2 protein chains.
Amino acid sequence: MKDKVIVVLSGGLDSTTCMAIAHAEGQDIFPLTFVYGQKHTVELEAARKVAEYYGVAERHKIINLEGLLFGSSLTDKDKDIPTGRTLEEIGEGIPSTYVPARNIVFLALALAQAEPLGARAIYLGVNALDFSGYPDCRPEFIAAFQEVINRGTAAGVEGRGIRLETPLINLTKAEIIKKGLELGAPYHLTYSCYQGTVPSCGVCDACILRLKGFREAGAIDPIPYRQFSALCR
Amino acid sequence: MKDKVIVVLSGGLDSTTCMAIAHAEGQDIFPLTFVYGQKHTVELEAARKVAEYYGVAERHKIINLEGLLFGSSLTDKDKDIPTGRTLEEIGEGIPSTYVPARNIVFLALALAQAEPLGARAIYLGVNALDFSGYPDCRPEFIAAFQEVINRGTAAGVEGRGIRLETPLINLTKAEIIKKGLELGAPYHLTYSCYQGTVPSCGVCDACILRLKGFREAGAIDPIPYRQFSALCR
């Protein structure tokens, strides 16, 4: 084992790839999952199965933030999750699926677990290319949060440090999938759909980008879908 | 009314002074209090009374983080809260009362409330002079967190912005108290003691700095104490 590390694990494709990377590096993994009133709570079961797959189910912490994150179509009943969008539409501006301060809250609470545990890193599966509309998925945000850690914690000030690891940040979805497949990531256990349907809807932004990623990686997505958008047929 | 603002309100002297300042500015105040397993839960009742005093009890949100912040003598049963320390001892290094990532978590969750609410500022009663040992009370930490807001939220990226307001950061405890008394802050309702005793212990770092502040401000602390350290007699 190298270091104790926290892996923020949603149960989706990106965070599961982060688990695979941290596992391949020999890290001592503590998975951390958040319930925040997301409509797609199916992903929590996926997160549990991924933690179990990597043999760390007993350290898997699930933090309940219901009612504390809102203002997004992922959380609010009166806001519809967009479907059937083109790549241009997906890439335009900040989507309604943006959850205010979500990654800031996730990183803050991950840090609160990491510091007393003596963990040396927090892995976060953010990805700036395919989700360029989310301000909290971009390198300049990650750099700013690293500064917060360096200046605002005992670990930072005393020089031990806690690293923010974002190994997927500059990869396309296809590159992420290729890397995950090389490392044996259990994609059959993952779940990405924003709508929370089983099988996955196939037409929300998350399904579209995932299916497109598999196609570009020359691989087959092992999870079932209800339908496919024109983009992914 | 000027802007909607969040005031992080512990029920202590500093955060109550922040309430008084935001109130004097005419802000539309939303108080936010955190339960995090602190031994001094007495402060929660103080926070409720202060919110009531300012007529904003019905928007006072209390967030429960029990079990999520730890590794401090303020939270952990097996760690003793220091008492009877000299000012030199209090000023030396990072004290055991430091709670890992506490202000980072508080600010992250305050931000998650502020952004969908349309709040334009978050008030935090940090104070770098008397509590110089807390990394998350210093100007360089606050500046780093402001960058996180600017880069990691829609409000930040789109230019509306959410300001971190720390009006006490460069004041001594005596200056804070003078300002609060000028503004009519209800210090009789506040509670600062780390040990959580009623009356306040008088010998923990928080009681010592508070009593010393009142003495230097030439004022009488209106709350009762069990005893007084040599420093405050």
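Yeah, the Cβs are placed from backbone N, Cα and C, and that goes for glycine too.
Quick look at what TrEMBL lists:
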- A:LEU9, A:SER10, A:GLY11, A:GLY12, A:LEU13, A:ASP14, A:SER15, A:THR16, A:THR17, A:CYS18, A:MET19: ATP binding site (BINDING)
- A:CYS193, A:CYS201, A:CYS204, A:CYS207: Zn(2+) binding site (BINDING)
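A:GLY11 (ATP binding site) is 14 Å away from A:CYS207 (Zn(2+) binding site) when you measure Cα to Cα. The distance from the Cα of A:GLY11 (ATP binding site) to the Cα of A:CYS204 (Zn(2+) binding site) comes to 17 Å.
Take the Cα of A:CYS201 (Zn(2+) binding site) and measure to each of the binding-site residues A:LEU9, A:LEU13, A:SER15, A:THR17, A:MET19: the nearest one is A:LEU13. Put plainly, the binding-site residues A:LEU9, A:CYS204, A:CYS207 were compared by Cβ crowding within 10 Å, and the winner is A:LEU9. If you take the Cα of A:THR17 (ATP binding site) and the Cα of A:CYS204 (Zn(2+) binding site), they are about 21 angstrom apart, rounded to a whole number.
Reduced to three states, the DSSP call for A:CYS204 (Zn(2+) binding site) is strand.
Note: A:MET19 (ATP binding site) has non-local neighbours A:VAL7, A:LEU9, A:ILE29, A:PRO31, A:VAL50, A:ALA51, A:TYR54, A:TYR123, A:ALA185, i.e. same-chain residues 6+ apart with C-beta under 8 A of its own C-beta.
Just so you know, the Cβ of A:THR17 (ATP binding site) picks up 27 other Cβ atoms within 10 Å once every protein chain is counted. There are 24 other Cβ atoms within 10 Å of the Cβ belonging to A:GLY11 (ATP binding site). If you take the Cα of A:CYS204 (Zn(2+) binding site) and the Cα of A:LEU13 (ATP binding site), they are about 15 angstrom apart, rounded to a whole number. Shown are the binding-site residues A:LEU13, A:CYS193, A:CYS201; of these, the residue with the fewest other Cβ atoms within 10 Å is A:CYS201. Looking at A:LEU13 (ATP binding site) and A:CYS193 (Zn(2+) binding site), their Cα atoms lie 10 Å from each other. A:CYS193 (Zn(2+) binding site) sits 14 Å from A:SER15 (ATP binding site), counting Cα to Cα. DSSP assigns A:CYS193 (Zn(2+) binding site) to coil in the three-state reduction, outside any helix or strand.
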